[in-house]
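Copied over from TrEMBL:
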- A:GLU80: active site (ACT_SITE)
- A:CYS143: active site (ACT_SITE)
- A:HIS167: active site (ACT_SITE)
There are 4 protein chains.
Amino acid sequence: MKTVLLTGFEPFNGAAINPAWEAVRALEGWSGEDFRVEVRQLPCVFVDANRALADMVDALHPDVVIAVGQAGGRAEISVERVAINVDDASILDNAGRQPVDQAIAEEGPAAYFTNLPIKAMVAAMREAGLRAGVSQTAGTFVCNHVFYGLMRHVAASGRNVKAGFIHVPYLPEQAEARDDAPPSMALEAIVSSIRIAVETAVRVERDVAQAGGATH
Amino acid sequence: MKTVLLTGFEPFNGAAINPAWEAVRALEGWSGEDFRVEVRQLPCVFVDANRALADMVDALHPDVVIAVGQAGGRAEISVERVAINVDDASILDNAGRQPVDQAIAEEGPAAYFTNLPIKAMVAAMREAGLRAGVSQTAGTFVCNHVFYGLMRHVAASGRNVKAGFIHVPYLPEQAEARDDAPPSMALEAIVSSIRIAVETAVRVERDVAQAGGATH
Amino acid sequence: MKTVLLTGFEPFNGAAINPAWEAVRALEGWSGEDFRVEVRQLPCVFVDANRALADMVDALHPDVVIAVGQAGGRAEISVERVAINVDDASILDNAGRQPVDQAIAEEGPAAYFTNLPIKAMVAAMREAGLRAGVSQTAGTFVCNHVFYGLMRHVAASGRNVKAGFIHVPYLPEQAEARDDAPPSMALEAIVSSIRIAVETAVRVERDVAQAGGATH
Amino acid sequence: MKTVLLTGFEPFNGAAINPAWEAVRALEGWSGEDFRVEVRQLPCVFVDANRALADMVDALHPDVVIAVGQAGGRAEISVERVAINVDDASILDNAGRQPVDQAIAEEGPAAYFTNLPIKAMVAAMREAGLRAGVSQTAGTFVCNHVFYGLMRHVAASGRNVKAGFIHVPYLPEQAEARDDAPPSMALEAIVSSIRIAVETAVRVERDVAQAGGATH
């Protein structure tokens with residue numbers, strides 16, 4: 001029986017909800033034939049979020065970790081490819097911090113690639129009629145910070161853990177309240193995408209080779 | 001007297017022109033008080049482009065190298081922050097190659113950060129009324145490939161070379177010929193941006209600390 | 001037994017296919033309990049397209065007419081609300097014409113609203129998990145030209161005909177061949193949307209009142 | 001001496017500022033050789049805004065009226081071509097009203113085209129290095145409502161008044177506070193655009209014929 005840790009962020013930047021947490025919490029108690037899911041919330045705070053996630057990983061010994069965050073303005077589920085070693089915040093985090101061009105880990109590598117089967121995950125989501133794609137950047141805010149910290153913690157642990165990050169669009173109710181009409185996705189579709197992500201991550205040992213890049 | 005090497009790609013994906021090359025060639029023979037510019041074209045071909053650029057660097061011993069490429073669909077001058085160690089082509093290069101999820105350098109680091117003063121460059125462009133921003137991804141096609149190869153070659157050389165990559169929008173004539181109405185920028189504005197990039201790169205030793213990140 | 005006329009444009013602007021025609025032709029011979037569908041292709045040519053469509057309407061006496069066109073760059077099925085009385089072409093039509101700021105009908109009204117139940121159509125598409133929305137502009141190219149001509153012809157006929165226009169995204173194969181990575185939609189999803197549009201148009205006499213506007 | 005009436009909306013949807021009003025107020029007291037400018041604020045309220053604007057027009061007898069509104073998410077100055085006869089609010093106005101699919105004027109035409117020289121205005125803005133374009137839709141919220149009401153009032157007056165509507169992007173401080181990173185424009189650039197719009201509207205009697213349409 002494998003253990004899957006799913007995390008979602010608390011709301012940030014003054015918002016009342018975070019679709020990442022809404023989707024993740026909907027999967028509390030979910031289990032499959034050969035896996036069970038543990039659900040946790042992360043604070044949207046630099047450093048603190050990484051400490052919290054490291055503690056969760058150390059306590060639960062998960063086989064798969066998928067952190068989920070909101071990407072307001074994106075139209076599809078974004079399965080992230082790479083985390084980079086820099087914090088550069090355009091807005092404040094929930095503790096009022098706004099680091100600019102600071103390394104996440106002074107001695108760390110410039111980046112970590114996820115070891116999730118991201119092409120297979122995207123393919124499975126698309127087969128289910130969901131809008132999804134590989135993303136080449138998780139930004140430079142708390143999401144990338146957590147993604148980098150997660151990959152670094154897993155690498156340091158020496159354990160065989162698949163880990164990565166997924167960005168999700170606004171919910172329709174968030175989009176409708178804004179005057180610039182950003183794209184959105186229904187909560188059920190986001191939840192379905194996370195389910196497929198988990199099932200694919202548990203099942204697929206070796207990712208498929210199919211194009212998922214960007215020209216720029 | 002410093003030497004600045006500027007490169008622009010040949011047209012690709014069946015296009016007749018490439019705004020990167022049009023802008024770079026317009027600066028042929030340009031020099032400042034303390035620098036002169038060398039202008040070269042690169043083939044839009046994986047591996048070959050990197051060999052060509054490495055040869056140019058070895059021959060010219062430049063103090064600054066800025067490679068310029070087209071980012072069709074982007075609205076502003078994008079000063080790239082980071083190159084990642086992967087080729088994942090969604091279209092064919094000019095030699096008909098389409099690598100998928102292959103490392104650029106098997107033993108290379110996951111990524112290289114540019115050492116250009118990208119925040120100062122963006123700030124100077126904006127002061128001049130030009131639309132510009134820091135970009136967190138150069139994609140996974142030949143542009144990122146060249147950017148990664150450039151940073152790796154420079155790092156291996158042990159010389160003090162500032163190097164990086166700038167993506168530019170379509171020209172108006174390219175945008176007008178398309179039915180999906182992508183954003184564009186006049187050639188003069190692109191050329192002005194590259195000029196400012198060069199002058200800033202020559203002049204600024206230590207980049208300014210101002211936010212230029214993305215939440216996702 | 002009601003008759004539904006579905007039209008799709010031929011490819012234009014040098015393209016090899018048009019998703020509108022691909023979707024419409026897939027419904028050839030389709031019929032429901034109380035309707036049958038007639039499928040026709042329209043030339044992407046100002047004036048000629050309107051003459052062809054008027055002839056089709058006069059010959060078939062349809063109860064519902066839905067013209068379908070490609071909207072490259074849009075991410076969702078766009079059910080158009082209004083056609084305006086102007087041609088202003090940013091690209092050439094298939095006969096090499098490029099009218100600028102010319103009235104479609106010198107004595108015609110400034111605009112026609114569709115009389116299709118567009119809110120019910122969008123709601124039904126969304127319930128089926130398809131990305132759809134009401135659009136407030138069909139542009140000023142051949143699509144708007146045909147939409148305006150259709151509404152004018154139907155109004156002049158004095159018959160009770162529901163008529164309107166739907167814009168559809170690129171197909172994935174179109175998007176993948178472009179270097180600016182526009183959004184796209186699978187052909188099956190586009191076909192499903194057109195099916196739902198037809199069924200809703202045949203069934204719903206009075207449109208539902210639910211917000212579908214834009215702040216700008 | 002001609003009189004130009006410039007209006008800008010108060011902030012709406014919970015925002016603290018509105019770039020339209022900030023730009024318009026900056027031009028208070030401005031005059032040229034052959035014109036002087038009157039500046040007024042409009043409430044972001046259906047019906048009330050139109051009554052207020054009609055009163056201003058009746059009191060000032062302007063030769064040119066340009067109403068300015070915010071278009072959050074747009075990247076350029078949008079000179080609007082057409083106002084349509086429908087209110088369809090996706091958010092509440094400042095009086096808590098949210099009309100859905102209601103005619104602005106029961107007996108009014110489906111649409112009014114602006115009689116401003118919009119192509120000349122856009123050309124002049126672009127020559128000045130400003131990002132601008134013709135827009136084919138002013139939406140279905142209070143902006144379109146005011147634009148439609150303005151054109152209807154002017155048409156009913158029988159006087160020779162040039163009138164129209166301009167949408168402007170977010171200010172940088174608005175964009176920076178949001179987590180979906182919408183485009184923005186500096187206040188000085190927006191003010192410059194409005195200046196050029198006024199000067200062109202006062203000077204140009206017959207608009208230039210140059211393409212400014214959209215394929216969809």
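From the backbone N, Cα and C atoms, a Cβ is placed for every residue, glycine too.
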Any idea what the Cα distance is from A:GLU80 (active site) over to A:CYS143 (active site), rounded to a whole Å?
10
In the chain carrying A:HIS167 (active site), residues 6 or more apart in sequence that have Cβ under 8 angstroms from it:
A:VAL68, A:GLY69, A:GLN70, A:ALA71, A:ARG74, A:ILE77, A:SER78, A:GLU80, A:SER135, A:ALA138, A:CYS143
Work through the active-site residues one by one (A:GLU80, A:CYS143) and point out the residue whose CB has the fewest other CB atoms within 10 angstroms.
A:GLU80
Check A:CYS143 (active site) against DSSP and tell me helix, strand or coil, would you?
helix
